[in-house]
Structure formats: structure tokens, C-alpha cells
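Trainee: What follows is a structure written as C-alpha cells; I'll ask about it next.
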Amino acid sequence: MAQETMSFQAEVKQLLHLMIHSLYSNKEIFLRELISNASDAADKLRFEAIENAALYENDPTLRIRVSFDKAARTITLDDNGIGMSRDEAVSNLGTIARSGTKEFFGKLSGDQQKDAALIGQFGVGFYSGFIVADRITVETRRAGLPASEGVRWESAGEGDFAVETIERAARGTTITLHLRPEEDELLSSYRLKSIIQKYSDHVALPILMQKEEWDAEKSEMVAKDEDETVNQASALWTRAKNDITDEQYQQFYQHLAHDHENPLAWTHNRVEGRSEYTQLLYVPARAPFDMLNRDHRSGLKLYVKRVFIMDEAEQLLPSYLRFVKGVVDSSDLPLNVSREILQESRDVKAIREGVTKRTLSMLEELANAEDDAGKDKYKTFWNEFGQVLKEGVGEDSANRERVAKLVRFASTHTDTAEQNVALADYVARMKPEQTKIYYVTADTLQAAKNSPHLEVFRKKGVEVLLLTDRVDEWMLSYLNEFDGKPLASVARGDLDLGALNDEEKEAQEKVGEELKPLVERMKEALKDKAKDVRLTFRLTDSPSCLVADDGDMSGYLQRMLKAAGQNAPAAQPILEVNPEHALVKGLHAENADFADWCHLLFDQALLAEGGSLDDPASFVKRTNALLLARAG
Ligand code: ADP
Ligand code: MG
């Protein structure tokens, strides 16, 4: 087929432009990315060859060769992996097929530094070659296709690329980078080797370069006629822990996660027994842009006996641990395992349990660190991934207690906005006569802190956890108690402060008796709005508040569901009034404006907890009438 010129997908153009300008200081990564693609291509060939050994043709030893040509000013990477057909080249090297691409581009700010970090997370891949090259030529042939179906792809990394069909005997892909004018320093064996050793040492595929030796006569390095392997070329996770340096673990992470930051923690071990596998798991230091999306791809790669099987093996990890990156290499699973088989396999179940336990231990270790650096790490972890981990309280009933211990909250007893109070901290600070763990939920921290429901707790010095994340109510519906102490919303049910309130009880009961008729009349006046009206001693400064009846959904949760477009069963709240407040003391059932006052107390309470009025106009009218009456 003749040469054809095609346009890059709009997102590719945008990415190319950004990358060349913002990743320049990190330009060495192009080699890591291209080697990683060659290694993927080798993995894919090995995998397809399980069913069809003929794909190896006469060239079964997989490798990648890196070379350079000083005169032509090119660097060339040549692999004998799976290769690409013409259609594959057009779509793989002309578009970005990744999910979340739109979302990603929406997040770019124009601030180079911030965007560079984002691009790093997104994974720059093949296009990173254009950081150092102003023209890239790719020649490739897919394994199994005839030599006449080779492809040449070429682009200057601007608007378009050209493809043509060529004759190509060799299976696999050859990528030639025509360097930009200022990149000559890369044309050195020493330089390329050191980049490879820095970023790609752990790549399981041998990386070959032409051997060079010192020639004393000429007093320079001279290329020999043989190749040498310049990387370790063994899968990192198969090596003994003692033989692996922290730096190697970190480099491997960066390769795996396409992240240029180091991970917060990792764990590496081999599990023997009923199910045998090796796991190397990492906790990243930063959440990717689409972390909260439950469709976010899992970061685990599955290998079987060192053969790569699949990326994003979500069956190996519960959804609430989707931030974990790493490798699981099983000795038991069949090589031709599919996602469907994975779903049913007992080995997979065992692996999933093992990976979960390991990850939780790793997080516990971070959480229990005594030193400042360790504490900071858990803080970082919590800020980045806390909301996701909270899902585990609901999702993972087997490990609920363990996950709950890892959760951190904002609280009335810390003055930062940070979530840094563990349930165990709370329990340790509980008053001797206190039996419950109290919390309040609201849309914002400010609203939570100012909630009228907190007044009595403040007065008595009782700590209340401040919950403002969307998942909180859902999470708490799975967490009835911690360490034997029930969790109680300050805005739900009858406030039973238990022994905290003993001294005042008698006096309160007396007031209750006296005001009974008044409360009955209020109930009558508000029968369309309130499920019940009762006196409360939980307030000190506010005249009234709303509470949800036991078993009813809280007002906050009802509003959240409504905002999410879901039908929340509408449960009427209970109005509680503070008999010690002047507004309540001034209520007289026989006055003409009694009903107006009742409505005002209700509407105020609804506003104070962040609710919205069904009929704001009536509220304003009523309030003005009452104000005018007072003024007059
Ligand atoms: P990613 O590796 O994350 O998929 P890249 O931009 O690095 O993204 O590569 C895009 C795609 O191009 C790859 O998924 C692969 O299909 C194809 N590709 C790139 N390099 C090679 C190669 N050396 N051999 C075969 N296919 C390749
Ligand atoms: Mg890639």
C-alpha cells in the first residue's frame, strides 16, 4: 500500500506539545518508556506463543538491542517482540486509547510544573521519544504476518504521521530516534548504559549493546564485534530480598507505575503452602487523578511462572485497595488463564486474601511508625488515599476491624482541619463515664464544627468526630461499634448521654413535666413537618435542632442522595427545643403568633444543619412579621 499521511488524534497533539515543553528536565525517561514497550511486546509474544509456538519463527531468544550512530545522529531500539500490523501501528501510535483520557486533559492547569507531575502520572509512553527526537521512524512487523506486511511509520511529532507498507524480514519493532540538534551528548555508549542501568536494570528482557573496549594504542574506546547485556535482566521480584537495594525497589516501582516519585512503602515476599506465589506490592505517594472513580484500574500485574499474563488484574485485589501497585507471580495458575477463570479460581481467592492481608500489614506499619518521617508518610497516605480506604469498612467484612483502625478523622479535640484522629485515640480519651463514640456528619468541616448538636458535648468536654467525606455515612452504616463502644451520631435518636448527665437528670425531668402541654401544642402546630417535638438538653446556645429518629436516614444523607439524583425515602425529622433558651421560654401557646414561632424554630434548625427550606418565602414572611411585632 502506498504511503498515507494521517493526523494525530487531538489529545495526542496536546500531549506531545505539553510533554516536549514540560518534561524536558526529565528527558532521560524516553529510554525507560521505549524499553518498557519492548518488554511489553516480548511479554505479549510469549503469551500468544503459549497457544501458537510458530510465532517465534526461527528467533526464540527475546531481547532488545540499543545502538547509536554518531554520524547519522540517531539512537535505535530494536526488539523481536510481537510487533505491529499496519492497523495496529496507526491506532497504537496515533491515538491514546486509555480510559480517563478526557478526564486527564480536563485537569491540566497550564502551570508547567503541576502539569508535568500529572503527565508523569498519566504515563507518557511512546510519545516521550519526541522529547529528544524531532523525527521518529518505526519499522515493524507483527509476529505471524508475512514479510510483505511490514510497516514503516514516521512522524516529526507535530500534527501528523505517515505510514506505508514495507518488506520486512524480521519480526518485531525497530524504532529510530533522529535526535534534536542539541542532544548529541546522548550519542555515547557510556551515557546510554548509565540511563539503562538507572531506569531499566530490572527489566526481565536482556538489553543488549555493542561491547566497547579501551584501545591503548588509539587511546579511546573502540567498538567490538560482539554484544553485551547491560542490565540485570532478571525479574526483580524473583531475586532474594537481601540482594535488592532500596534504590532498585524504587526504580522498579517507577517503571511499573510510570511514576517519577518514590513509593511510600513496599512489601515483597513469597507465599508457600496451598497456593504459591510471590508478591511485590507498593503504596504510591500520590493518588492518580481518577482515584475516586471506582472504575479506576487496579495496579496489579499478574504473572504466571514469570510469564506476563495481564495488567490490571482487579480480581487480585479488593476495590478499596485499588491504589496498590505491584506484581503477583503465581506458580499454580494455568498460563492460559483468562479474566473469567480468574473470577472463579480458588487460587485467585487465596492470592486476593493474601495480598489484602499484606497490604493492611504494610499500612499498619506506616500507621504505627514512631518516628516523624514514618508519621509523615502515613499522613501523606491518608490525605491521598484515605477516602478510598474508608470504602473497605463497608466492603471487606472479614477485615473490618483492621481497616477501621487505619481510618483517621477530624475531631473537636484537634484544631487542624486534618484527619488525624484514630478511633483508638478517641477511645483512649473518652471520659470515664462515657460509653459511646460520638460523631457528627456535615457537608463541610465548618458546618460540622458549628453544628448546634455539638453544644452539650462542648460544655461537657466530650470529644466528637467531625465527618465530612461523602463516603462517611455509608461507611458508618457498616461500623456499629469499635472496641466494644457503639458509634453514635449526635444528630440521631434520643440523646442518651448516660452517666455523663447524671447530676442534671432530676432537674431535667422536672422541666419536662412542666412543659409537657406546651410541647404537645407545638407538635400539633408542626404536624406536617416534624415527626415529633421534644425537649432537649443537648443545646446550650441554640433554641432548637433537628434529629433523625432511630432507624431513619439522617437529613445529611437524604440531601446527599438527592444531590446524587437518587430517590431518598423522605423521613420527617424530630424537632428538639431547648427549654433554657429565651426564645423557647417566651413561647405561649395561647398567643396568636404561636404557630409562627414554632415554624421559625423548625426552619432555623433546618438551615443550621445545612438543609434548604421547602418554602423560603413563607419563612421570610413569618420572620419579618415576628420581628415587626417585637419592634413595634
Ligand atoms: P502503553 O505502553 O501505556 O500502552 P505507549 O504510548 O507506551 O502506551 O505505547 C502505545 C502502544 O503502542 C502500546 O500499547 C503498544 O500497543 C504499541 N507499541 C509501542 N511500542 C511497541 C513495540 N516496541 N512493539 C509492539 N508494540 C508497541
Ligand atoms: Mg508504554
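In case you wondered, yes, glycine gets a Cβ from its N, Cα and C as well.
What TrEMBL records for 1-339 is region 'A'. Per TrEMBL, the feature domain 'Histidine kinase/HSP90-like ATPase' maps to 26-183. Taken from TrEMBL, the feature ATP binding site covers Glu33, Asn37, Asp79, Met84, Asn92, 99-100, 121-126, Thr173, Arg339. Residues or ranges marked as region 'C' in TrEMBL: 560-632.
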Trainee: Using a Cβ cut-off of under 6 Å to any atom of ligand 1, determine which of the binding-site residues Asp79, Asn92, Gly100, Phe126, Arg339 qualify.
Mentor: Asp79, Asn92, Phe126
Trainee: Looking at the region 'A' (1-339) alone, can you tell me the average pLDDT?
Mentor: 88
Trainee: Enter the number of other CB atoms within 10 angstroms of the CB of Glu33 (ATP binding site).
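Mentor: Neighbour count, Cβ to Cβ under the 10 Å cut-off: 21.
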Trainee: Mind giving me a neighbour count for Asn92 (ATP binding site)? Other Cβ atoms within 10 Å of its Cβ, every protein chain shown.
Mentor: 18
Trainee: Using DSSP, break the region 'C' (560-632) down into helix, strand and coil residues and give each count.
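Mentor: Within the region 'C' (560-632) the tally stands at 39 helix, 4 strand, 30 coil.
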Trainee: Specify the secondary structure state of Asp79 (ATP binding site) as given by DSSP, simplified to three classes.
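Mentor: Note: Asp79 (ATP binding site) is in a strand by DSSP.
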Trainee: Using DSSP and three states only, what is Gly100 (ATP binding site)?
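Mentor: For Gly100 (ATP binding site) - judged by DSSP and reduced to three states - the answer is coil.
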Trainee: Enter the number of other CB atoms within 10 angstroms of the CB of Phe126 (ATP binding site).
Mentor: 18
Trainee: Taking every protein chain in this structure into account, which of the binding-site residues Asp79, Gly100, Arg339 has the most other Cβ atoms within 10 Å of its Cβ?
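Mentor: Its Cβ has the most other Cβ atoms within 10 Å: Asp79.
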